[in-house]
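To start, the structure itself, in structure tokens.
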Protein chains: 2
Amino acid sequence: MEKKPLILVSNDDGITAPGIHTLVKVMQKIGEVVVVAPDGPQSGMGHAITIGNTLRLDRSLAFAEVESYECSGTPADCVKLAKHHVLKNRKPDLVVSGINHGSNSSISVLYSGTMSAAIEAAIEGLPAIGFSLCDYGHDIDFSHTEEYVELITRQALEFGIPAGVALNVNFPKKSAKPIAGIKVCRQARAKWEEEFDERKDPQGRVYFWLTGNFVNHDKGEDTDEAALAQNYVSVVPCQFDMTSNYAITVLNNDWNLNPEAEPAGSSKTVESGRAEG
Amino acid sequence: MEKKPLILVSNDDGITAPGIHTLVKVMQKIGEVVVVAPDGPQSGMGHAITIGNTLRLDRSLAFAEVESYECSGTPADCVKLAKHHVLKNRKPDLVVSGINHGSNSSISVLYSGTMSAAIEAAIEGLPAIGFSLCDYGHDIDFSHTEEYVELITRQALEFGIPAGVALNVNFPKKSAKPIAGIKVCRQARAKWEEEFDERKDPQGRVYFWLTGNFVNHDKGEDTDEAALAQNYVSVVPCQFDMTSNYAITVLNNDWNLNPEAEPAGSSKTVESGRAEG
């Protein structure tokens, strides 16, 4: 009998969230599952880690028949503790995170605890996927995502994920319209336009709630936002190397960071009269 | 008289940390300064934002003669509140964060609250720089960084920073050796190799401290780690678009995400016998 792949599951909504239960159900069809997830909600935690405080890790009863642990830390902490403490010499074949309650498309990848678990796994050299559902409703329905979660997971195990990359998968909200398919995309240049809801506490002291609207400024057809708007599942491969090679060239040519070592413009070669903006 | 540039200052070590006081001192030579910083330490918060809880923002007495505010939230919250609530129609010419107590080179950029303030500013369309000093000592000496903080800040104001990019500047620890200069670099492929220090609390229940060693696996001479090892100040331009274009190509060619729409291999064109690994 072929050995079942070992799949580590985490999330950021906490171990009792419906999304991780859908994800575990699908993963049990594919492999041997171990769950290490936060013991409570960790949404918006970005790539936070716990360094000024202690961490707890306890066996969890959240899943029948699945080895599972709940952790007091962030999603990134969960993956670190899973690798170094829970799994030790059992190297997972895949790390999956989610299914997040709410979108992690576009710029939300930076704020996302779901994706930080996946990116932490990629840093550790493990293939990883974060799954999110673009639905902020209370009684959220994950059922339409299951076949696509299974398809993408099986392909990741079969074909691999390039090193240094984690996949950011987002699903359109369930609707009467069927899912159009799966598109590999780039991250849209969209952003949250924040507003702060200013209130006064019972003592008359001011406090704020962060709120705002997601606005897509990107007209590209090849973005995750465009795919989701057309009812596709979006897959964005995300790298943890944040270097902008373009900006390295700009700084080396336009700035003068070592004025004593090399006078401004000394190494410039003029080849044509055309100046690029 | 020329109008002074407006400079927003934040950090992740909190408004009373020595590093932000050095940074404010330098910025006061260059422009009009407004400080919005966390009211306590926020190290390792990555790009966390406060969405499940309220935020406080109060005038601070941490700086004489400088308009300053302390915030209960994360570094990214500080920048959001500064832009939308404190500054409103006063658009800053530059956002600076730090000087962080400890390195944010290489992969640490992802965990760094200092850099998340800078990257949040870049998302908001503002030029931004995060400064960090590679010294974890208790009585840390920031004095050797001042002239370089000033030089880099003045050049950012004069020459600009490419859109979608924030600069990650790291300084070597103060030593007898003079700083060799400034190098524009790429993010090294280095990582933290974690260990967990397992202890028992007074009730006998297990808890963990995250600990570990930073290991540089990258042999490149063009990395921030290589520059810092040679006593250079490293400058890595960091983009918030995390898309891996290379991986998009791999997935589109090697995976088969829409098996019904298009059978595997149907669009493949064989042009030569050579297969790339």
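Note that the numbers count up from 1, one per residue, in the order the chain is shown.
Glycine is treated like the rest: Cβ placed from N, Cα and C.
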Which one of B:Asn89, B:Asn100, B:Asn168 goes with B:Asp12, B:Asp13, B:Ser43 at the divalent metal cation site, as TrEMBL has it?
-> B:Asn100
Env. residues of divalent metal cation site, Cβ within 8 Å of mean position of B:Asp12, B:Asp13, B:Ser43, B:Asn100 Cβ | B:Asn11, B:Gly14, B:Ala17, B:Gly19, B:Pro41, B:Gln42, B:Pro75, B:Gly98, B:His101, B:Gly102, B:Ser112, B:Gly113, B:Thr114
List nothing but the one residue from B:Ser43, B:Asn100 whose Cβ has the fewest other Cβ atoms within 10 Å; the candidates are the binding-site residues.
-> B:Ser43
Which of these binding-site residues, B:Asp12, B:Asp13, B:Ser43, B:Asn100, are close to chain A by Cβ (under 8 Å)?
-> B:Ser43
What three-state secondary structure does DSSP assign to B:Asn100 (divalent metal cation binding site)?
-> strand
When the binding-site residues B:Asp12, B:Asp13 are compared by other Cβ atoms within 10 Å, fewest goes to B:Asp13
